[in-house]
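Pulled from Swiss-Prot:
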DOMAIN    6-56  domain 'Kazal-like'
DISULFID  8-38  disulfide bond
DISULFID  16-35  disulfide bond
DISULFID  24-56  disulfide bond
CARBOHYD  45  N-linked glycosylation site
């Protein structure tokens, strides 16, 4: 089973769009889109990972 991952190399970004494409983080929090998720990954110093695509 392959791990689900997202390329966050272009982040952090100062502003994210309102586009809703949810991702579920390893903290069991639903992030609205890749931008919001990747900004949180950067803030967590890489400890936050992706559980799955879609809501938690």
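Note: Cβ is positioned from N, Cα and C throughout, glycine not excepted.
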Open item on the list: With helix taken as DSSP H, G or I, strand as E or B and everything else coil, how many residues of the domain 'Kazal-like' (6-56) land in each class?
Closed with: 10 helix, 9 strand, 32 coil
Open item on the list: Return only the integer: C-alpha distance in Å from residue 16 (disulfide bond) to residue 38 (disulfide bond).
Closed with: 10
Open item on the list: What does the structure give for the C-alpha distance between residue 38 (disulfide bond) and residue 56 (disulfide bond)? Integer Å is fine.
Closed with: 16
Task: Neighbouring recorded positions, C-alpha within 10 angstroms of residue 35 (disulfide bond) - of 8, 24, 45, 56 - done: 8
Task: disulfide-bonded residues compared (8, 16, 35, 38) - highest count of Cβ atoms within 10 Å - done: 38
Task: residue 24 (disulfide bond) CB neighbourhood, other CB atoms within 10 A - done: 18
- [ ] Tally every other Cβ atom lying within 10 Å of the Cβ atom of residue 45 (N-linked glycosylation site).
- [x] 7
Open item on the list: Restricting to the chain of residue 56 (disulfide bond) and a gap of 6 or more, list residues whose Cβ falls under 8 Å of its Cβ, or answer none.
Closed with: 24, 25, 28, 29, 30
Open item on the list: Measuring Cα to Cα, how far is residue 45 (N-linked glycosylation site) from residue 8 (disulfide bond) in Å?
Closed with: 12
